[in-house]
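Student: Next up is a structure, given as structure tokens.
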Ligand SMILES: [Fe+2]
Ligand SMILES: [Fe+2]
């Protein structure tokens, strides 16, 4: 009887070790920004040996409510904007290409990039369970109308539309990137780890920003500034973009 105790103890110890969640399961439970809170809740709930130490002294810092709200509204407005961009090019392409067949590859190139941007934000919005803008149908109608009407006015007006939209969108993405970099700087200064997913998001926004600015350059190279009256057309479209961004961030 006395000799069975060590065997029993070893069996119990092995079973207890199996019950301890492996690090990859803890990692899978992590969302965009969290980590530290998930790890600590597992550690306190379990009587088994503590999980391995995090890679940085403090692990990852959970997002504050205002940071969560910022990220949700950023993904929401970006998705709406990219949907609008694909619809603008879809509406512009037939009238523009009918008059200027040599622009077909350029219009397709810009459309393909916008479709990729939309796929990126559709994926992110679903993954992080962010509510899409409630005004999706309204933006769809307005974007199609804007694309079609500028294309009917001529190639120059169509390009002026791209120039105006991309000027606003480039600035919009830059502001988001700046805000995310501020969060990174703050976390690093406090000794927290910045997750790979968060860094990937910043790099994705940079790539998309660069492609939007490339569209702006194409538009200017293709006579956007010869549209008549350029100042009025771009002024109205830029104001419309700012209004749509402001509303989509909130609704
Ligand atoms: Fe885009
Ligand atoms: Fe664009």
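Counting begins at 1 with the first residue displayed.
Using the three backbone atoms N, Cα and C, a Cβ is placed for every residue, glycine included.
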Student: Among 196, 197, 212, 214, which residue does TrEMBL annotate as binding Fe cation 1 together with 82, 114, 117?
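Tutor: Record check against TrEMBL: Fe cation 1 site with 82, 114, 117, extra candidate from 196, 197, 212, 214 is 212.
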Student: Same Fe cation 2 site as 114, 212, 215 according to TrEMBL: which of 163, 166?
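Tutor: When TrEMBL describes the Fe cation 2 site, the candidate it includes is 166.
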Student: Just to be sure I understand the contacts, which binding-site residues have a Cβ under 6 angstroms from any atom of ligand 1? Candidates are 82, 114, 117, 166, 215.
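Tutor: Those binding-site residues that pass the cut-off, since their Cβ is under 6 Å from ligand 1, are 82, 114, 117.
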Student: Report the member of 82, 212 (the binding-site residues) whose C-beta atom has the most other C-beta atoms within 10 angstroms.
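Tutor: Of the binding-site residues 82, 212, the most buried by Cβ count within 10 Å is 212.
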Student: May I ask which of the binding-site residues 82, 117, 166, 212, 215 have a CB within less than 6 Å of any atom of ligand 2, listed in sequence order?
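Tutor: From 82, 117, 166, 212, 215, counting a Cβ under 6 Å from ligand 2 as near, the near ones are 166, 212, 215.
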